[in-house]
Protein chains: 2
Amino acid sequence: MDTKSLARSFIYTDWTLIETQFEPDKLHSRETIFTIGNGYLGTRGSFEEGYVRALPATFIYGVYNDVPVVYTELVNCPDWLPLVVIVNGDRFRLDRGEILRYERQLDLRYGILSRSIRWRSPSGHTIDIQFERFASLADEHVLEQRCQLTPLDFDGLIEVQASINGYPENQGFNHWENIDQGKTEHGIWLHSRTRNSLIDLAMGAKMTISGTEASLQVNTAPGYPTLSSTFLAVAQQTITVEKLITVFTSRDIDTPVTGALEKLAHLPDYTLLLNDHKQAWERVWQQSDIVIEGDTTAAFAVRYNLFQLLIAAPWHDDRVSIPAKTLSGFGYRGHIFWDTEIFLLPFFIFTQPKVARNLLSYRCHTLNGARRKASHSGYKGAMYPWESAVTGDEVTPRWSLPNDFYAEDVRIWCRDREIHISADITYAIWYYWQATSDDEWMRDCGAEIILDTAIFWSSRVEYNSQSARYEIRGVIGADEYHEFVHNNTFTNRIVQWHLEKALIVYDWLRQTFPERAQDLEQKLQITSEVRSCWQDIIAKMWIPYDPSTGLIEQFDGFFQLEDINLKDYEPRQKSMQTILGIEGANRRQVLKQPDVLMLLYLMRASAEFPYNQKTLQANWDYYAPRTDITYGSSLGPAIHAILAADLGKLDEAYKRFMQAAMVDLEDSRGNTKEGIHGASAGGVWLAVVFGFGGIQLTENGPVANPHLPSNWTRLKFKLHWRGQWHEFDLHQGLGTGDKGTRGQGGQEDKGNLSQTLSASLRFPFFASSSQSESEANHNPDIRGVIFDLDGVLTDTAEYHYLAWQKLADEEGIPFNRLANEALRGVSRRASLMLIVKDRQYSEAQIQEMMERKNRYYVELLKNITQNDLLPGAIALLDELRQAGIKTAIGSASKNARTVLQRLGIADKVDAIADGYSVQKPKPAPDLFLYAANQLGLEPAQSVVIEDAAAGIEAALAAGMWAVGLGPVERVGAAHVVLPSLAGIKWADIQAKLNDAAKQKNG
Amino acid sequence: MDTKSLARSFIYTDWTLIETQFEPDKLHSRETIFTIGNGYLGTRGSFEEGYVRALPATFIYGVYNDVPVVYTELVNCPDWLPLVVIVNGDRFRLDRGEILRYERQLDLRYGILSRSIRWRSPSGHTIDIQFERFASLADEHVLEQRCQLTPLDFDGLIEVQASINGYPENQGFNHWENIDQGKTEHGIWLHSRTRNSLIDLAMGAKMTISGTEASLQVNTAPGYPTLSSTFLAVAQQTITVEKLITVFTSRDIDTPVTGALEKLAHLPDYTLLLNDHKQAWERVWQQSDIVIEGDTTAAFAVRYNLFQLLIAAPWHDDRVSIPAKTLSGFGYRGHIFWDTEIFLLPFFIFTQPKVARNLLSYRCHTLNGARRKASHSGYKGAMYPWESAVTGDEVTPRWSLPNDFYAEDVRIWCRDREIHISADITYAIWYYWQATSDDEWMRDCGAEIILDTAIFWSSRVEYNSQSARYEIRGVIGADEYHEFVHNNTFTNRIVQWHLEKALIVYDWLRQTFPERAQDLEQKLQITSEVRSCWQDIIAKMWIPYDPSTGLIEQFDGFFQLEDINLKDYEPRQKSMQTILGIEGANRRQVLKQPDVLMLLYLMRASAEFPYNQKTLQANWDYYAPRTDITYGSSLGPAIHAILAADLGKLDEAYKRFMQAAMVDLEDSRGNTKEGIHGASAGGVWLAVVFGFGGIQLTENGPVANPHLPSNWTRLKFKLHWRGQWHEFDLHQGLGTGDKGTRGQGGQEDKGNLSQTLSASLRFPFFASSSQSESEANHNPDIRGVIFDLDGVLTDTAEYHYLAWQKLADEEGIPFNRLANEALRGVSRRASLMLIVKDRQYSEAQIQEMMERKNRYYVELLKNITQNDLLPGAIALLDELRQAGIKTAIGSASKNARTVLQRLGIADKVDAIADGYSVQKPKPAPDLFLYAANQLGLEPAQSVVIEDAAAGIEAALAAGMWAVGLGPVERVGAAHVVLPSLAGIKWADIQAKLNDAAKQKNG
């Protein structure tokens, strides 16, 4: 199962990365690639004996210190690696003597880095040297090293020096001040303190030598305590040196020196420590591993990326979060971005939820920093920083300063303008809550974040009274090539979504934890005015979306920018921004990373607006070719992989997936030396699970709808959902469908639910169940479904609007889209009354206008085709007919039949109740009762699917089951609330109605 | 002779600074104060055993490396100081155990730092420890340390560890990469390399121990090679440890490691090295010492400041210059400012001219950097950087970046706007040349700098065609509180002066070294157009000077700024900029440092425009009270001291002098920790020699006109002038004058010139002697002096101008100040002809206009008073009368008598020749022949003092001796050229005429 790439001198096995030769020009990227860690610290894969220009580093979570320009950075800690071997007077170093054999291995299963060298010294002595190191996952304060020495062709003196290097550096800067050092009967110790943040760190070390007679000396060069030993080595006999290190900081305990020395004194031996460590890793992989068969490179690369996430996981610390470059390099100074919440977090939510909770708690601990940022920026509430460190204050540098004496400084605008981070955090919290049902954490931490950032938004949006809409001006969206834009759709929609969820969370909190709700109301001053303001923003947020095409403009004026054909620039090895310059990219239709597509990705899990297949297809076609997916942001490829899989573009999906998976192993962007691409690693998990695995989240847990790459014979992983584990073992070729791949359904692990493909149900709004109120019975016996037409099966709202607009224009009455919003679900006459307001018209005039408007509307309806069916409609109608469930239309429209014919579904329903059927309009129950009667059913056997509040009211008044489509604010009274019919199966609806019935009776 | 300031715990003796207690809160300022050095390197006075938060540093000239924001900085080099003493297991450190006695001494005479401590260890052992260190002045690559250990109350084991610390840091940043290290039979060595500039450095060290049996061990912790020894010490017996260090960089030799090790192998013992070192210091002090008696604090403080200059002097390296904070601290990153040329250089010119030459050669080596700066800024020629390092490229940081997460960055504008540096360098070169006659250096280096910076100026000035003048807009002047001003007089005048000198140097070069002149003409493209352009700029540069009051406006609109009374802000401990904010200071009449007064200081040596007593008094009265002399720039006080001494304000002068002298010893600005205030130290020498010593520079060398502070009984120093040493031994109270102090004249040392007070002669333009041409005889027998009136005794040019302007306005003829320049020395009729140009007037009209203009002029003359006498006029007239020399007026003016009466000197002259005396105007000799005749003298017995070219021509035509006042361009034909009569004594004129006569005959 070995794949050898000679060009890269790497061998990938199931679990092991093997480097077969030492290439000095790759020194720094390989130091990154061979990083080990245990979630307390990360240590780059630098050599024990050192190397000129090497960049050894050990980063410990939470240990930051001040620096100019970037404010604060993750500190390189005293180096525990130095282990110098002197062979008959020649110091072992790879740039001297001769390397006869070389192999470096990273064992992903157990997080062990080892290296074997056969070295001939300048004096001609040949020796085998074998190094091994790991950071204990069983005890995060313990680090271990072993060195085995076997002289091959000589007997001689070998000296070993095992040190702690108190002079570590961040690109030359040493954040530490040496406080004290010393020796004990067990070994040496060093006590250092960061210069400004005043964090104390203590390291202890001891060394044992077996296989020869050796005594230890202690040298105490200031800041460089060393244990050394000189001994006689005999040809062909192996001597083993073991160095055990303990480390504590004042973040862990009050007296780190005592802590380190006490632990050092009581450490068991190397083998026992290694055993504990291995067991800990086995437990971790049991939850988080992904098995891929048929594609060794992908199989290894996926594990490699998961390994990076796991060694960067703060297992026991909720005051920290994962930096953009994890704990593996100096890039981005250990700052935390949206990468964590949007790209890394899902892996933890679904495989290591406690880590996910720790990561989100970090945002809770830094909430006051976000408040300071809001206040300093002139806003209310909490505004999270684009780059975050210890306090949550903004630490994005303002400047990229050139080295050139005369070059201009480049202003970095993210701190000022890339504001979507506050909504991204809410998004992450929402899904953590959905997946874990961790109400306690939501009560104590999550709710406050969501609400106080919502308050920020209400102070940040601007009301444009001319257009009667809310706008967000002067931002950077997800795509960072455009540095100052207005109404970035990604930002506007995620803010709108955030406020929708803030209202839900607020209501939930009031119902579930009224005391906490009261506390927060007072603390954050959440008045009814504030909530009304949120609602108003939700209703009037400007989203530039063209319903006829589904195309979304990235921001105001994007389509007017100079267009670009990226193929004209191929082949290239640089980002488009580097090629075009900052201004050049700014004024062209070129994206650094998905933006509209990123929004669609985020709305995909719940199929909320504007996500549907049509929109996805339209925007993919437009934006994907304009996205710098190769050298733009490393955040892009995994997202493209998922969306491409959705669209059935499996080749494209696989290509993007591999691009993400190999970014560091192949150093394809040339910056792996700066650290692992953390977001890309998280994206790899997303692409496998949601893209190829096709996982959809339902009320009953995740279900798979796989699209495996053609060479994958098997894909196996586990997901944790609301306290239960779900195991998926997907195989190629079973139940072949149109796409050529059809996965085996997921198998449940501990619970007992049966999962089938057809049982997939779109992930619903968690809060909806707590808001459904009706008189329903246990185990409802549903025999028929009555569909409202407009807004459920199709959306003719646009045509109504256009017809009313034409009428109003002819009459000289002011009217616009905003005014039209008020007409949703309102009868024709009532609509006209709302339009004419207090203008005086005779009844004849009114009739004439109603007829005229209708004429226009009917005329417009001629344009309706099957394409105007809303996603999921036809599939559900078909499924119902196959399942023997009756269907009817219950629409107030007098044009219902025309519309149904144009839509091509007139023959798919069993009955039609329309504007001619009854006198009393919704919310009277008459129309639905008429429909049920037509179907020959009792009200309790009928379910109404409606998108208007009046329709839900009518259904409930009729004693029927009600399914509401759309926001809770509108259809929250229904038994079940769904975002739309997209992807909805009859079984999903049944299951939800069963739940609702149980809750009512329970 | 001890002065003890208990508050400061310092004792000052003649040559020794004694610190009597260890004060941890002053750790960093005392490290600066106890810096030692040898002009190759400087080493701060940090402790051998280390101390928490200490800032040890060794800076080696020329060793810079890249850093963000400030581009490059002087690198802290591997530390040669570490010498750890472990007493029976207790490491000696001042923050443990008990300090029973403490004394630190800096011996200025020999540059030796020593420290005696009696220490009781935590275990209760008492020991005397005596450290000593010096950087050899005899061999700059050798550093020495000695440590003497005397147990007082115990016998026990002592361990000594002597290291080289390869982890030095600049505020946390380690610029070094450790390349290699090792041991030899003689000791240990370390080889390091700067990260970006790739400068190799090697240090070797050896250690000897006497007074006990001791063997050495070598420890080689990476980057921290250490020699250690453990020995038995016996109570009351002294053990001596000597550590000798050698250091080389790749700037010195190709193989620094070899260099360091070879020198280490052949070093003589400590005592011999010390002896050589002391002899070297004695030679240095023989030239540079200043003896002050009667004021111990001042005496020590002056020596202390000179010591700082001497240890920072690059004795053997002409590629470097002295940083603002010398080699004693991290402040300003080792960058070089105008401080060196304007404040430090005179001390070296006059006491160590070879160092001065090295310092100026640095500007020659960095000329290409200055050219790059000009080119990048859109100008021609060479534009020196405000802050300079290795290459001469601009390294002033653009930003002062706050640590605060939300504070705004502060733009530093000096790199863009503080452009006077290029003229400052020319100023320094000019005076170096005057004082040394170093024509060779001027030819090879100086001329190119002066000419290429002149070319820069001609591209930088702007011609304002509306005002018909040249302007320099958008600058920062000497006063940095005003960050964007137009026509800063300091800048405008120094640029004008620069161009005047550029023309002289150009002419000199063409005459003296025509080949070099031709080379430079071609290389720099100095065409006749270029030279005409310079002349035009000289003629038309805008200098806002009010001749009626002498007041100079600092820049356009300064007088319109909000005024300030600094007393309203007393007492204060902060700069006015800190109190008012940057913008607050910008919009007020408050100065950080002298600006107009700085210009007057610079023009003082040659009494060039606008320097004279009247101007000085007027501008002192205006600007001194508005200058933040206490917390503004440390460059201010010494300049104020000199000018105050000029004005007879001895109390003020002494106060400012002491402020400069004590700035570091008392850390009065609170920033001594960042390094010695180098410019202030240079200013202390200036204040003593030029202020209190009253030294004036004459063709025959310096002469003294002392104003000693009342408590100074003696002031003794030496000056070097054109190859000869002049010694001054000035005493208080001899020949008491009005000011209460009258110094003993300077005594020549090696030459044989007699110096008296009355023999002082203003320092002339060096080039004048090579341009004077006449038929004068040896030893002229002068019996009378004929004075031109206008421009010599008084300046009625302004009144003439005002009268002509009135006339021209009435006639509607365009006329302005610039046009008026052409009328200097021109008769009334000819003036009128120049004004009316080709306009046609009848003779009657012409006569009428001449009369009308004269009427206006005579009317204006009523305003003339004694205050309109030019400086030096009345003193010279009085002296001549006392000396029995006849005097006459020879003026073309028909109003001469009226003017003389109004000036109050009509009775001080023996004859008057005026516009009525003769027919033929100058340049005809008639008028002067008439005057001599009136005095009864032969032409050869007469000397004419004139300021106009026509007047000089007339005098020469008359066969008289001619003294020209003003620029060489105008009066260069005279036998003697003087800037003005200010400070001129009759003996000076006689001496110059004698010289001129000798030259003519020689």
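Backbone N, Cα and C define each Cβ position, glycine as well.
The annotation domain 'Glycoside hydrolase family 65 N-terminal' is assigned in TrEMBL to B:18-251.
Positions annotated as domain 'Glycoside hydrolase family 65 central catalytic' by TrEMBL: B:303-685.
Annotation comment: TrEMBL describes B:704-727 as domain 'Glycoside hydrolase family 65 C-terminal'.
What TrEMBL lists as region 'Disordered' is B:732-752.
Feature annotation from TrEMBL assigns compositional bias 'Gly residues' to B:734-746.
Shown in sequence order, B:Asn854, B:Asp914, B:Gly915, B:Tyr916 are the residues of the chain, 6+ apart in sequence, with a C-beta less than 8 angstroms from the C-beta of B:Lys894 (substrate binding site). What TrEMBL lists as substrate binding site is B:788-790, B:Trp804, B:823-828, B:Ser831, B:Lys853, B:891-895, B:Lys922.
For B:Asp788, B:Asp790, B:Glu946, B:Asp947, the entry in TrEMBL reads Mg(2+) binding site. Taken residue by residue with DSSP, B:Asp790 (Mg(2+) binding site) is part of a strand.
B:Asp790 (Mg(2+) binding site) counts 23 other C-beta atoms within 10 Å of its own C-beta, drawing on all protein chains shown. Among the features that TrEMBL reports, active site, proton donor/acceptor is placed at B:Asp790.
Nearest Cα neighbour of B:Asp947 (Mg(2+) binding site) among the listed binding-site residues (B:Asp788, B:Trp804, B:Arg828, B:Ser891): B:Asp788. Between the CA atoms of B:Trp804 (substrate binding site) and B:Asp790 (Mg(2+) binding site) there is a gap of 16 Å, rounded to the nearest whole number. Put simply, B:Asp790 (Mg(2+) binding site) is 13 Å from B:Arg828 (substrate binding site) when counted between their Cα atoms. The separation of B:Asp788 (substrate binding site) from B:Glu946 (Mg(2+) binding site), Cα to Cα, is 5 Å. Between the C-alpha atoms of B:Asp790 (Mg(2+) binding site) and B:Ser891 (substrate binding site), the distance comes to 7 Å. Look at B:Arg828 (substrate binding site): DSSP puts it in a helix. Annotation for B:Asp788 (substrate binding site): spatial neighbours B:Ile889, B:Gly890, B:Ser891, B:Val944, B:Ile945, B:Glu946, B:Asp947, B:Ala948, B:Gly951, criterion Cβ-Cβ under 8 Å with sequence separation of six or more. Per DSSP, the secondary structure of the domain 'Glycoside hydrolase family 65 C-terminal' (B:704-727) breaks down as 0 helix, 12 strand, 12 coil.
B:Trp804 (substrate binding site): 24 other CB atoms within 10 A of its CB, across all protein chains.
For the domain 'Glycoside hydrolase family 65 N-terminal' (B:18-251), the model's pLDDT averages out at 96. B:Asp947 (Mg(2+) binding site) is surrounded by 28 other CB atoms, counting those within 10 A of its CB over all protein chains shown.
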